[in-house]
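Asker: According to Swiss-Prot, the record shows the following:
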- 24-112: domain 'Ig-like C2-type 1' (DOMAIN)
- ASN75: N-linked glycosylation site (CARBOHYD)
- ASN102: N-linked glycosylation site (CARBOHYD)
- 116-200: domain 'Ig-like C2-type 2' (DOMAIN)
- ASN178: N-linked glycosylation site (CARBOHYD)
- ASN352: N-linked glycosylation site (CARBOHYD)
- ASN358: N-linked glycosylation site (CARBOHYD)
- ASN457: N-linked glycosylation site (CARBOHYD)
- ASN467: N-linked glycosylation site (CARBOHYD)
- 1017-1088: region 'Disordered' (REGION)
Amino acid sequence: MGTSQAFLVLSCLLTGPSLIVCQLLLPSILPNENEKIVPLSSSFSLRCFGESEVSWQHPMSEEEDPNVEIRTEENNSSLFVTVLEVVNASAAHTGWYTCYYNHTQTEESEIEGRHIYIYVPDPDMAFVPLGMTDSLVIVEEDDSAIIPCLTTDPDTEVTLHNNGRLVPASYDSRQGFNGTFSVGPYICEATVRGRTFKTSEFNVYALKATSELNLEMDTRQTVYKAGETIVVTCAVFNNEVVDLQWTYPGEVRNKGITMLEEIKLPSIKLVYTLTVPKATVKDSGDYECAARQATKEVKEMKTVTISVHEKGFVQIRPTFGHLETVNLHQVREFVVEVQAYPTPRISWLKDNLTLIENLTEITTDVQRSQETRYQSKLKLIRAKEEDSGHYTIIVQNDDDMKSYTFELSTLVPASILELVDDHHGSGGGQTVRCTAEGTPLPNIEWMICKDIKKCNNDTSWTVLASNVSNIITEFHQRGRSTVEGRVSFAKVEETIAVRCLAKNDLGIGNRELKLVAPSLRSELTVAAAVLVLLVIVIVSLIVLVVIWKQKPRYEIRWRVIESISPDGHEYIYVDPMQLPYDSRWEFPRDGLVLGRILGSGAFGKVVEGTAYGLSRSQPVMKVAVKMLKPTARSSEKQALMSELKIMTHLGPHLNIVNLLGACTKSGPIYIITEYCFYGDLVNYLHKNRDSFMSRHPEKPKKDLDIFGLNPADESTRSYVILSFENNGDYVDMKQADTTQYVPMLERKEVSKYSDIQRSLYDRPASYKKKSMLDSEAKNLLSDDDSEGLTLLDLLSFTYQVARGMEFLASKNCVHRDLAARNVLLAQGKIVKICDFGLARDIMHDSNYVSKGSTFLPVKWMAPESIFDNLYTTLSDVWSYGVLLWEIFSLGGTPYPGMMVDSTFYNKIKSGYRMAKPDHATSEVYEIMVQCWNSEPEKRPSFYHLSEIVENLLPGQYKKSYEKIHLDFLKSDHPAVARMRVDSDNAYIGVTYKNEEDKLKEWEGGLDEQRLSADSGYIIPLPDIDPVPEEEDLGKRNRHSSQTSEESAIETGSSSSTFIKREDETIEDIDMMDDIGIDSSDLVEDSFL
């Protein structure tokens, strides 16, 4: 640049660019005009002069148009000249032509130079042809824009339209329409010589842009290993017109891969990602992203430094030394600073053993402070002596490993571990041994007090010197922190006190010991031995008392309850001992012969017996006799007497084991009940299972797991239990084995048991679709085993149990242990409900679970009985449902495979119920489900259960059953005959034409009795007024009649009202009573 040129530049800087002189800095164009019109198809040239090399910018490049030529001319002056020549000019050559200095132009700056605008009018082309990108007009929101529809003739009038609507806007033929336009398509129109010309659509698109770029740079990490992939992202928010450039070490190698992702929700976000795969150490350095807004000249950049290592590394820096101490019970923390990549694994060891993380006294913790920096802490909480040792921290990853070990000592105050009189010499000498511990190791000193009475005063103690005659002191170290000292006295003539003192920097420990002269020691030894013996005796007595109290006691399951609230929801147990016992039930012991044992338990047994004189029609009758073992306690005798009184209170019924008599005087208590020929229902079902399966082949034979049997070995099955000392089951009365008899009086007459005649009936309603032969119904309520066990037999058992429980409910009696093992089967397949707990070893029976001092049949109990100890008739209904499951699984154990534990209790609470057994119909299973309702009020009563099951049986079954029941009540069965005297008095003053009228009256009372138990809760009991012993028989009969009447009126029950036979006289009744002994004494005092 010459001197004149430099002067011009300086003048422009001082005076401003508006001066004419500054224009000299730009090149010159000839012709020197702002615009020029060139005829179509003509040629024109433009000449550019400048101080340095110059170039041209024009509407069409030389590559696109061969009609354009640019050349450089040489001249004698110092100026540079470039000529642009166009031949055969067309409308496409219309536009700006600019000459500029080459050295003033950069890629990012706009062209600065001299301009001239050339028009080439074309009558066939009013508008300059558009380029590929000219039809898209991008503008920032709410900013002005230019729609570049340019004309080839400056005098052409142009209009702008948007969807057919004229848009007012200012127009410049060299620029186009300028204004603020809404988004959408626009078309320019022009009319030349009567012809209308239209441009193609210009689409205006508004972009969102702000004055700030809001640039954010992020990288997942700043430290990498060789071979890993570097990923860096830059995000721009709320801007759509952004130009972003990356600068990074690998840029020159074009190693990076860039991507752009646009996210529009919830706000506009442009995410630029740079990925450098397989990084090397050369890729370490600064990574920069620079964003520039295309429309507002706003620029922002972010930088992050990334380091790439050949491999991973680990560095540790502990904040403590190799030897550390901690005071006893002190809280101490040891911190190690770690720098590592990749992420390290940190572990602590104590004496080469890994510390468990969940220790409460020693804890370890790792916290990440920065990308590659970590802090690991070892914390001792209330340090203990055993915390001393060598601690090691190990930090490692796949490429490197570092460790650091330090020794920790717990400083412990001195204390005395042991002070004993260790040795007695033959001449009266004694040695005292003192063991002390502490860290640092303590020193031991000895002190002596010769006046025992003044040893409480420290001034009476003197330090024992090591050089005293007849006294020897010595010390030995035992371990790191334990020391032992000994002092020996040649002779001790009187009692003295010796004190051992242990001292270290943290504290002092001391203990004292008395040395007794040998003459006094023997006296103390004798006193100590007597005291120890006394303590042993007292402890033994306490243990025996506890064991005796925890021993299970016999408890009768049947309970009579009485309501204490109007709705029956609250009740109390009636004390059975308050119930009266009528001496008419007394039976002479010499009229009873005892035989084989039928069942035996922890508290008593049931034996087979023969009774003489119980019934006029059967002078000799086979009976079952309940009795206690000889070792029974008074509480168990009282429980058996309570059972007797409850049975007398209940009265007779076909489907309970009826009381026949009792022996309560001059010996052990015997309760005489009916003899049940077939034993308990469980064993009966087991025994007849094969016959049932043969009649019902459609029922699959399963693996019998619920019976505990082995199906593969049929020869090992035993459905009849012959031994009762172990499980207490009732024996099969048909079993002909040799048993041990307990004779009291030998009689040779043959026992005869009255047989209840069976009845025929129709088939059940629920089986109407099946054809039932008469032979299939013959074995119901009969002993005919030719047909085997049938499904109708199971329904018959179900019905009879419901009727028996209905009777107990009418008497306010709660069974509490209703199960198939407590249901017996008599001749005629008559079901008898009983309480067989006396003759069952419940302590070894898996069906009973220990609860305190009693055993409970949990699997048969209702939830309110298990969890709330609440027993009502409705809880018996639940047990009845479990009994049905036993019957229709042919004697299976409820909840097969489930143990009675917390899981079992939780399942019952959550509503778990057993599935339908194999041999139950859907109607029968529906009964079970109703019985197992978790809400007691929604369970059916036994009255309704009887009706439901009755509908499943043949139509004539109920009539046959009622006839058998009525025949039973009309018979001279001992249970009926002994109650008839009271019931006959209820008919005093009432005249009947015949026995049938009386039966009809009784049947009406029976229906009332069944309805009285239908409430599902508790019927109020009449007041019990025991009969005075001195009243005669007639007075007692009148009282019993009144009581029965009151009970019938108040409870709606006529269970105690029976039929007086027409041929029966008072003399007959008296003769029956004469069989017993004197009734003046009701029971021995020892049982009350």
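Glycine too: its Cβ is placed from the backbone N, Cα and C atoms.
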Asker: According to DSSP, folded down to helix, strand and coil, what is ASN178 (N-linked glycosylation site)?
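Answerer: DSSP call for ASN178 (N-linked glycosylation site): strand.
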Asker: Which of ASN178, ASN352 has the fewest nearby Cβ atoms, counting only those within 10 Å, among these glycosylation sites?
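Answerer: Across ASN178, ASN352, these glycosylation sites, the one with fewest Cβ atoms within 10 Å is ASN352.
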Asker: Count the residues of the domain 'Ig-like C2-type 1' (24-112) that DSSP assigns to helix (H, G, I), to strand (E, B) and to coil, and report the three numbers in that order.
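Answerer: Split by secondary structure, the domain 'Ig-like C2-type 1' (24-112) comes out as 8 helix, 37 strand, 44 coil.
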Asker: Cα-Cα, whole number of Å: ASN75 (N-linked glycosylation site) versus ASN352 (N-linked glycosylation site)?
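Answerer: Between the Cα atoms of ASN75 (N-linked glycosylation site) and ASN352 (N-linked glycosylation site), the distance comes to 95 Å.
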Asker: Per DSSP, what is the residue tally for the domain 'Ig-like C2-type 2' (116-200) in helix, strand and coil?
Answerer: 0 helix, 42 strand, 43 coil
Asker: With an 8 Å cut-off on Cβ-Cβ distance and a minimum sequence separation of at least 6, pull the same-chain contacts of ASN102 (N-linked glycosylation site), or say none.
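Answerer: When sequence neighbours closer than 6 are ignored, ASN102 (N-linked glycosylation site) has SER52, GLU53, VAL54, SER55 within Cβ distance under 8 Å.
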Asker: Other than its own, how many Cβ atoms are within 10 Å of the Cβ belonging to ASN457 (N-linked glycosylation site)?
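Answerer: The answer is 10 other Cβ atoms.
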Asker: In whole Å, note down how far the CA of ASN178 (N-linked glycosylation site) lies from the CA of ASN352 (N-linked glycosylation site).
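Answerer: Cα-Cα distance, ASN352 (N-linked glycosylation site) to ASN178 (N-linked glycosylation site): 84 Å.
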Asker: Would you kindly give the Cα-Cα distance separating ASN178 (N-linked glycosylation site) and ASN457 (N-linked glycosylation site), rounded to the nearest Å?
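Answerer: About 115 Å separates the two Cα atoms.
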